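Pulled from TrEMBL:
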| type | residues | note |
| --- | --- | --- |
| SITE | Arg23 | site 'Transition state stabilizer' |
| ACT_SITE | Tyr28 | active site, proton acceptor |
| BINDING | Asn79, His85, Asp92, Ile106, Ser107, Arg116 | substrate binding site |
| ACT_SITE | His105 | active site, proton donor |
| BINDING | Glu242, Asp264, Leu266, Asp267, Asp435 | Mg(2+) binding site |
Amino acid sequence: MGPGKGKSILLINGPNLNLLGTREPHIYGHTTLADVEESAKQHAASLGATLETFQSNHEGAIIDRIQAARGHVDGIIINPGGFTHTSVAIRDALLGVDIPFVELHISNIHAREQFRHHSYFSDKAAAVIMGVGGIWEEFRDTCECQIMTIPPTSKLHPEDLDEIYTFAVDLGKRAGKILLDGVQSRIDGVGTVTGTHADSTHLAFAEKDNAVDIVTQVDEDVEKFIRTTIHEKYPSHKFLGEETYSKGQSREYLIDAQPTWCVDPLDGTVNYTHCFPMFCVSIAFILDHRPVIGVIYAPFQNQFFSSCRGRGAWLNEKIQLPLIRKPSIPPMPADAPRKCIFACEWGKDRRDIPGGNLHRKVDSFLNMAAEIGGRGGKGGMVHGVRSLGSATMDLAYTAMGSFDIWWEGGCWEWLDTYLLVYSKSFSDLSTISRDVAAGIAILLEAGGLVTTANPPEDPDTAPIEDVRLGSRLYLAIRPAGPSRTETGRQSQERTVREVWRRVRQLDYSRPGA
């Protein structure tokens, strides 16, 4: 019957769109809203879907309609009108109902006044369509796009997620045992040195991008085991792993809303080669572009971190994160970053270039560590600076509350699915990484905050937005409880701004991000 068979879509139009046909026809055309709605319904029906329509000039009414859609529609098409640039409340409503949505604009907002360029919805939308042609064409293309972005398997019952969580936990333990067995073989002298890059640690490895970006046979063996096990249990699920990704010719992957496993079989490979215990396996389960399950197992440490959406984050399945919870989770220090543990990594970019990333990182480390008043007033006097050599472990320790702040740039980690659609052309900007997918899932479930590492022009007033996944730039703050003067979130955001004041911009680019 068509790709939309059985799917239900809600089309929402915001303020002043009831004036279509008479309002600024040189921009919006002569077609009325009623004509567009009827044509959209007919086109949806031709694709096998049903389409409901709603229009209001009032923010509260739009929020009420979005909330009422929970459990009743598969996808939302929304043209927020003027609320595009102002309404955090409508954004929160869309995120709250957890229904995939496509953002629609009849005109190209980036070709109009400056104040129209910002959208509170684009970073969360499954797609964005902006018009340069006729109004009906834009609604038609949006309808088709929304139908194609609603996967038939994107909705899981709670018991299904429970089953997948149990499977992921068991898989992480089994994969971690393979890593530990590899270490034990070296301790017992069973392993043999092969390859031109084998060193005094008696483990063969090969370089990927440079001498500090390496891969061992264990990486590939563990990834193969995980991939095979997942395929046997869930043959319809997608799989994206570190080593298959690294060997690909492109650093770009298409991620859609289908169930996807994102795996780093061995994060902290350099640590592993030197028998430094900070290495782990990282497994994340992604649904509708969001990490809903995270599993991290550091077998040498016997530390097992896990989380599932709505079920909390845990250490060794028994201790809820963060560790300190009684009588309440501590707020961030009032004079943060002072009294904080600051975690960071040196990264793989070791070019000795004035103004390069390595120099910028060192300057930032010094600013965070220096005495109060030092470094031109940027001294943060943190309690300590830590570098574990594993982005995944950094995030796990931040979720525990053992690290207060983690600041990093350059890791090829998350997965970022941003689909921008202009008129009738699709510009795919989807990218994929692996290292910290599970770590971010666990930290967020524990109550942490993750945003961009790069400071904005005005750290005091700039919005603190959710991290742009795939940007390779991360600033994470541990879970925090309230104080007598602040909520936990307020203390986290205050800490973000204090870090931004002290760190330098990093320049890490990646395809499509």
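Backbone N, Cα and C define each Cβ position, glycine as well.
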Task: Which of Asp92, Asp264, Asp267, the listed binding-site residues, has fewest other Cβ atoms within 10 Å - done: Asp92
Task: Cα-to-Cα gap, Ser107 (substrate binding site) vs Arg23 (site 'Transition state stabilizer'), nearest whole Å - done: 13
- [ ] Compute the C-alpha separation of Arg116 (substrate binding site) from Asp264 (Mg(2+) binding site), stating it in Å without decimals.
- [x] 40
Open item on the list: Applying a 10 Å Cβ distance cut-off over all chains shown, what neighbour count does Ile106 (substrate binding site) have?
Closed with: 24
Open item on the list: Considering Cα atoms only, can you say which of Arg23, Asp264, Leu266 is the nearest neighbour of Ile106 (substrate binding site) among these recorded positions?
Closed with: Arg23
- [ ] Identify, among the recorded positions Arg23, His85, His105, Arg116, the residue whose Cβ has the fewest other Cβ atoms within 10 Å in this structure.
- [x] Arg23
- [ ] Starting from the Cα of His105 (active site, proton donor), work out which of the recorded positions (Arg23, Asn79, Asp264, Leu266) are within 10 Å.
- [x] Asn79
Open item on the list: DSSP secondary structure for His85 (substrate binding site), reduced to helix/strand/coil, please.
Closed with: helix
Open item on the list: Measuring Cα to Cα, how many Å separate Asp264 (Mg(2+) binding site) from Asn79 (substrate binding site)?
Closed with: 38
Task: C-beta crowding around Asn79 (substrate binding site), within 10 angstroms - done: 23
- [ ] Provide the three-state secondary structure of Ile106 (substrate binding site) computed with DSSP.
- [x] coil
TODO: Round to the nearest Å and give the CA-to-CA distance linking Asn79 (substrate binding site) with Arg23 (site 'Transition state stabilizer').
DONE: 16
- [ ] Which residue among the binding-site residues Ser107, Leu266 has the fewest other Cβ atoms within 10 Å of its Cβ, if you could check?
- [x] Ser107
